[in-house]
Amino acid sequence: MTKQRTLSIIKPDAVEKNVIGEIYSRFEKAGLRIIAAKMKHLSKAEAERFYAVHKDRPFFSALVEFMISGPVMIQVLEGENAIAKNRELMGATNPKEAKAGTIRADFADSIDANAVHGSDAEDTAAQEIRYFFSDTEIFG
């Protein structure tokens with residue numbers, strides 16, 4: 001088992017539903033520690049840079065608009081196999097395909113408004129964490 005860090009974003013739809021605490025509880029029950037957190041309303045430029053990997057995809061504009069539609073809660077999670085564990089907690093990208101009891105099955109409305117983002121690999125996790133947090137903002 002490897003201790004890892006991963007970036008998690010609770011998206012505007014889930015923030016609006018007031019389920020931040022319920023999602024945090026799931027992280028903690030799964031053995032993930034929240035070692036950094038901030039609430040932020042992303043600017044269009046911030047969202048475009050964060051999701052730049054998708055800039056040529058047809059959904060890019062809609063994704064950016066959704067991510068700037070309201071505040072998001074951004075956190076760094078740490079724990080054994082944190083990346084895989086967080087992705088398991090999140091469930092499938094499309095909430096209709098997500099297993100019962102996952103965050104997306106319970107709180108997401110659509111493939112676009114799908115409640116959460118989580119890093120998909122160690123290199124992207126490190127990059128995404130650096131995008132939102134300086135070393136002095138992470139306590140782990």
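Glycine residues also receive a Cβ, built from the backbone N, Cα and C atoms like all the rest.
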**Report entry** Same-site residue for ATP (record: Swiss-Prot; known: Lys11, Phe59, Arg87, Arg104, Asn114; options: Thr2, Thr93)
**Finding:** Thr93
Query raised in the report: Among Lys11, Arg87, His117, all listed as recorded positions, which has the most CB atoms within 10 Å of its CB?
Result: Lys11
Query raised in the report: How many Å separate the Cα atoms of Phe59 (ATP binding site) and His117 (active site, pros-phosphohistidine intermediate)?
Result: 15
